[in-house]
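For 73, the entry in TrEMBL reads active site, proton acceptor. For 74, 77, 79, 81, 83, 92, the entry in TrEMBL reads Ca(2+) 1 binding site. As annotated by TrEMBL, substrate binding site applies to 165. For 195, the entry in TrEMBL reads heme b binding site. Marked as Ca(2+) 2 binding site by TrEMBL: 196, 247, 255. Look at TrEMBL and you will find 42-118, 75-80, 124-327, 202-234 tagged as disulfide bond. Per TrEMBL, the feature domain 'Plant heme peroxidase family profile' maps to 32-331. Annotation comment: TrEMBL describes 69 as site 'Transition state stabilizer'.
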């Protein structure tokens, strides 16, 4: 479903949805963050991040899903404090779940521009949170107001990334990891829906195509008519680094077709497809699809709400943390 409409009634629905989201944002803020935190101290900060994301996206569309994933991975480890941005041996950036993330140059570019006009004011953690929102915007998703005021963390350890959800995890395990961060089952399904943009490497799902769980055959949850296409993209013993769209047919559009693919057995990652096969998460997939008999949910609106909740995980504000001069290094 696209979020651009051509008849007036749907435009009105979209406008109302955005207004409701803006109101809801004020209800979930916490720990010292607020919308417009830099309105006086660095009023151009948000527009600089937005234009920087758009500029990089135009030359490399992969930065949009990269920045979105980066923000997620940052928030689940040490809270949303920019700790994933730190260079060096043994840092979060070097951990296996993070080695293929991309978009760091976008954050560095935005930070350099902001420091030139507002030195020592805007945190890297906030730049990343804003860039994640703007990554949805440039891929034609709905926008939302981002609360700011985070400070940057002073710790970044690869060992702390073990609590990131993995691509083979059960729904129960995913729910437990989200719950420890104050996120519920609806948040889980909504945020994983961010896989509507971006790709995955064959190495993370090709095991589903051939000898799944030592059965000698494919994962039975994969649509049989989709299997030859996946095998052609990721041949057995082939190039594990080859990239495949997580949302078949809609890789650069932020829409709800990802959920349609789950319903059709066309989820790429095992952990994604499990959202359809597990009853506790399936109901939210169905609601995003607007299936008859269920109270519908608007993916674009709910994604913004869940992102605001996630972006306030264990944030550092006030005297905690620091405002880095360079995002890739502690002061």
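Even glycines carry a Cβ here, placed using N, Cα and C.
TrEMBL does not curate its annotations; it predicts them automatically.
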Residue 79 (Ca(2+) 1 binding site) versus residue 247 (Ca(2+) 2 binding site) - Cα distance in angstrom: 28
Residue pair residue 79 (Ca(2+) 1 binding site), residue 73 (active site, proton acceptor) - Cα distance, angstrom, rounded: 9
Cα-Cα distance linking residue 81 (Ca(2+) 1 binding site) and residue 118 (disulfide bond), given in Å to the nearest integer: 19
Rounded to the nearest Å - Cα separation of residue 196 (Ca(2+) 2 binding site) and residue 77 (Ca(2+) 1 binding site): 23
Cα-proximity to residue 69 (site 'Transition state stabilizer'), 10 Å cut-off, over binding-site residues 77, 81, 83, 92, 165, 255: none
Under 8 Å by Cβ from residue 80 (disulfide bond), counting only residues of that chain that are 6 or more apart: 71, 74, 125, 128, 129, 150, 310, 311, 312, 313, 314, 315
Neighbouring binding-site residues, C-alpha within 10 angstroms of the residue listed as 'active site, proton acceptor' - of 81, 92, 165, 255: 92, 165
Cβ-based neighbourhood (8 Å from the centroid) of the Ca(2+) 1 site, residues 74, 77, 79, 81, 83, 92 excluded: 73, 75, 76, 78, 80, 82, 84, 153, 156, 160
Under 8 Å by Cβ from residue 75 (disulfide bond), counting only residues of that chain that are 6 or more apart: 181, 310, 311, 313, 314
Candidate with the highest Cβ count within 10 Å, taken from the recorded positions 42, 77, 202, 234: 77
Set of same-chain residues at least 6 away whose C-beta sits under 8 angstroms from residue 165 (substrate binding site): 76, 173, 174, 177, 178, 271
Whole-number mean of pLDDT values that fall within the domain 'Plant heme peroxidase family profile' (32-331): 97
CB contacts for the residue listed as 'active site, proton acceptor' [other CB atoms within 10 A, all chains]: 20
Which recorded positions sit within 10 Å of residue 81 (Ca(2+) 1 binding site) - Cα, from 124, 195, 202, 234, 255: 124
Residues flanking the Ca(2+) 2 site, with Cβ no more than 8 Å from the Cβ centroid of 196, 247, 255 and excluding those residues themselves: 193, 195, 197, 250, 251, 253, 254, 256, 257, 258
